[in-house]
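Taking it in order: structure first as structure tokens, then the write-up.
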Number of protein chains: 2
Amino acid sequence: MKSVIVAQVRFYSDKAARFVPKTGVYPKGFAVGGIHCGVKKNGKLDLALLQNQHGNAVASAVFTTNKFKAAPVQVSQRIIKETGGHGINSLVINSGNANAVTGAKGIKDAESMVTATDAAFGNGENSTLVMSTGVIGQKLPISPILKGIDTLAGSLGSSHQHWLDCANAICTTDTFPKLVTKQFELNGITYTLAGLAKGAGMISPNMATLLGFFVTDAPVTAPALRSILQYSVDRSFNSISVDGDMSTNDTIVAIANGAAGGEVIDQTSSSAVSYSKLRSEVTDFAQQLAQLVVRDGEGATKFITITVKDSLSFSDAKTIASTIANSSLFKTAMYGKDANWGRILCAIGYSDVSSSSSVLPDRTSVTFVPSDGIEPLKVLVDGEPEEVDEARASELLELEDINIDIDLGTGGGQSASFWTCDLSHEYVTINGDYRS
Amino acid sequence: MKSVIVAQVRFYSDKAARFVPKTGVYPKGFAVGGIHCGVKKNGKLDLALLQNQHGNAVASAVFTTNKFKAAPVQVSQRIIKETGGHGINSLVINSGNANAVTGAKGIKDAESMVTATDAAFGNGENSTLVMSTGVIGQKLPISPILKGIDTLAGSLGSSHQHWLDCANAICTTDTFPKLVTKQFELNGITYTLAGLAKGAGMISPNMATLLGFFVTDAPVTAPALRSILQYSVDRSFNSISVDGDMSTNDTIVAIANGAAGGEVIDQTSSSAVSYSKLRSEVTDFAQQLAQLVVRDGEGATKFITITVKDSLSFSDAKTIASTIANSSLFKTAMYGKDANWGRILCAIGYSDVSSSSSVLPDRTSVTFVPSDGIEPLKVLVDGEPEEVDEARASELLELEDINIDIDLGTGGGQSASFWTCDLSHEYVTINGDYRS
């Protein structure tokens with residue numbers, strides 16, 4: 001555990017200062033909070049609640065595709081299926097225990113968290129979605145959680161501190177809470193988005209998890225929200241990677257209560273402009289939130305944006321970007337501040353793309369685009385290696401933020417971005433050495 | 001470079017002593033050798049030749065599926081295609097430069113290595129396959145290589161030292177040469193197999209490569225050899241992983257010259273028993289050779305065998321084993337000597353298997369099988385976590401060799417094994433820190 005705590009001490013003040021907002025604007029009609037109920041042994045916040053206080057909200061969710069689905073994932077999936085996302089007015093989340101690989105008792109415990117939250121808010125049954133994160137394979141200490149739900153339900157609020165408590169209460173190995181808020185205008189009305197996430201990292205004998213949710217006071221139908229969530233998650237939470245592992249608990253939820261008023265946004269043609277604008281705002285928002293997860297990747301010293309351009313399809317572009325992002329050789333090169341285009345090329349070459357014309361070796365170009373705004377550094381142009389100015393390359397790779405552009409030159413014009421971090425000694429220490 | 005040299009000094013004596021044979025039995029009719037011709041700046045061996053001196057041999061080869069194929073891969077592929085594998089009587093291999101991403105000059109250089117070798121041995125054209133490994137993106141210093149071919153061709157031999165020189169001459173970041181020999185009996189005749197490989201590892205700004213070849217004096221047709229090679233490589237070189245990256249140069253060649261005599265083995269029913277026996281001997285042999293590559297994985301402290309049993313198909317079993325083997329979280333856990341079954345389960349759950357019935361959470365069992373012959377340690381039985389004796393688990397994970405059995409319980413009865421190493425601080429140092 002020692003090394004993990006060292007990491008928290010080292011990074012928290014720095015990253016928290018840069019990435020945790022001092023204030024926020026919050027959507028109307030939602031109250032949140034977080035307390036310590038007794039799951040975590042270190043006394044940190046471990047239970048979070050969100051309540052919609054404005055009529056009946058609609059919700060949508062995406063879940064891990066891992067075949068070993070944790071109990072809360074199975075229960076939330078059932079509720080989304082049975083309700084179609086209608087009337088979901090609360091969320092309950094515990095950290096410190098993932099309630100995964102816990103058999104029939106695990107399902108019963110997750111169900112009881114839903115029932116207790118429904119009751120605490122006086123809602124009908126199946127009004128709550130449940131998430132858990134933390135140790136796997138251990139039974140949930142359900143009694144302090146149920147007591148905690150009762151206590152916390154009485155002290156929710158909508159202040160910045162309430163939201164920060166909520167964000168802290170879902171953290172496990174995270175070194176800072178991830179909270180993003182945003183306002184935008186649509187048809188003359190100001191709408192607000194607020195969201196939380198927790199990072200993907202692992203701590204023995206646990207697997208940690210990507211959990212997140214965002215809520216808005218915009219009015220939107222359940223099917224439109226579902227479609228917007230899927231689109232935005234494909235381009236945000238499904239376009240990030242710390243180590244390529246996908247947990248049993250990953251869940252992202254979106255809730256909309258319409259409290260800010262205005263015309264309901266759906267997918268009909270009359271609503272097309274509003275739908276498209278909302279989708280774009282949500283995608284941008286989800287990307288900000290997802291990027292914070294990468295910033296806080298275990299042992300991360302670099303924040304790397306990989307953009308693949310001029311691909312035959314979005315899917316090919318994303319596959320290639322993701323393959324580079326998950327290459328241990330690429331990630332160690334970035335840690336070592338080495339403009340190793342060979343490893344990038346290698347990963348492009350073994351990406352599982354859709355056709356033989358998806359990657360054309362003699363059309364492929366690779367450029368490092370400095371985040372300091374200075375001239376881009378071309379390393380490969382149309383398959384031919386450039387003479388690289390090594391001094392300039394070193395300078396560029398000293399920066400925390402690294403942007404790599406891959407131009408596939410297929411004429412397809414599609415593109416995708418993917419965000420990842422480097423693979424450092426600290427990562428190996430965190431994930432290998434905690435017993436020592 | 002410092003850390004790499006440290007690694008060589010540290011591991012060489014130990015691993016070489018255990019894994020490099022002191023003597024060998026070699027197939028009839030083959031002569032080999034290795035010299036320093038001038039590609040490597042450190043004076044180490046960098047050019048290898050193999051010559052068949054018994055009539056016309058047949059050959060088969062498998063190549064990287066990376067879209068960025070190095071020049072020697074393109075040239076060897078052309079020769080195999082044009083000859084159907086008939087009359088391949090020599091191999092030429094250089095280390096120190098991969099001749100990859102080198103454009104038209106690269107192809108010309110690879111062709112000239114083939115032509116020079118054909119000429120040196122007085123063979124007709126297209127009698128030689130070529131391989132290269134080392135730095136990518138740099139032009140091959142072709143002149144010393146061509147001179148070296150002439151010199152080396154006059155000093156080949158079939159002693160153990162000649163084979164060791166040949167094995168050393170194809171190494172790059174390897175800490176010991178990989179050489180395996182074996183004899184077996186078929187229809188009353190003793191046949192011999194000998195083979196070399198070099199490891200998969202990376203060193204800036206290079207990508208290293210998996211190269212290997214094996215030769216036998218058994219008589220076999222070109223199509224039968226092709227089929228045996230594919231089968232054996234699927235279960236050996238394609239069932240190992242150091243870091244999951246696949247290079248631009250990977251090549252495995254098999255050559256058979258029939259010098260030991262006997263009936264020619266083909267795929268007809270009359271030859272079925274011999275074919276099956278030969279395939280089994282070659283597969284076992286290829287596994288031994290491939291496992292040496294894992295033993296010498298960059299920074300490796302553990303040798304891990306993952307066996308997936310009772311799968312619906314070989315392909316599913318291999319996919320699952322390979323997904324575990326490539327999980328950074330699993331590999332760091334092994335480095336940290338932690339029996340972290342959660343990470344194993346997690347990887348099983350996100351494996352890209354063929355159907356929803358390929359993995360059944362409540363039928364899955366995971367067991368650590370000690371290499372010290374003591375009682376296996378069950379960690380998951382039919383999806384239920386066991387009470388793990390942590391003291392016993394620690395003891396077991398102190399061993400260098402770790403065997404993990406996954407029983408899928410599907411009733412399909414198929415199985416696959418996969419070999420990998422752990423992910424250590426040393427791996428990050430080798431691949432990230434060489435500039436410092």
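Keep in mind that glycine also has a Cβ here, set from the backbone N, Cα and C atoms.
Note that TrEMBL annotation is computational and uncurated.
According to TrEMBL, the protein carries these features:
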- B:Thr209: active site, nucleophile (ACT_SITE)
- B:Thr172, B:Lys198, B:Thr209, B:Glu298, B:Asn431, B:Ser436: substrate binding site (BINDING)
Secondary structure of B:Asn431 (substrate binding site) (DSSP, helix/strand/coil): helix
Listed recorded positions (B:Thr172, B:Lys198, B:Thr209, B:Glu298) that sit near chain A [CB under 8 A]: none
Rounded to the nearest Å - Cα separation of B:Asn431 (substrate binding site) and B:Thr209 (active site, nucleophile): 14
Fewest other C-beta atoms within 10 angstroms, as judged across B:Thr172, B:Thr209, B:Asn431, which are the recorded positions: B:Thr172
B:Thr209 (active site, nucleophile) versus B:Glu298 (substrate binding site) - Cα distance in angstrom: 12
Integer Å distance between the CA atoms belonging to B:Thr209 (active site, nucleophile) and B:Lys198 (substrate binding site): 7
Whole-number Å value for how far B:Thr209 (active site, nucleophile) lies from B:Thr172 (substrate binding site) (Cα to Cα): 9
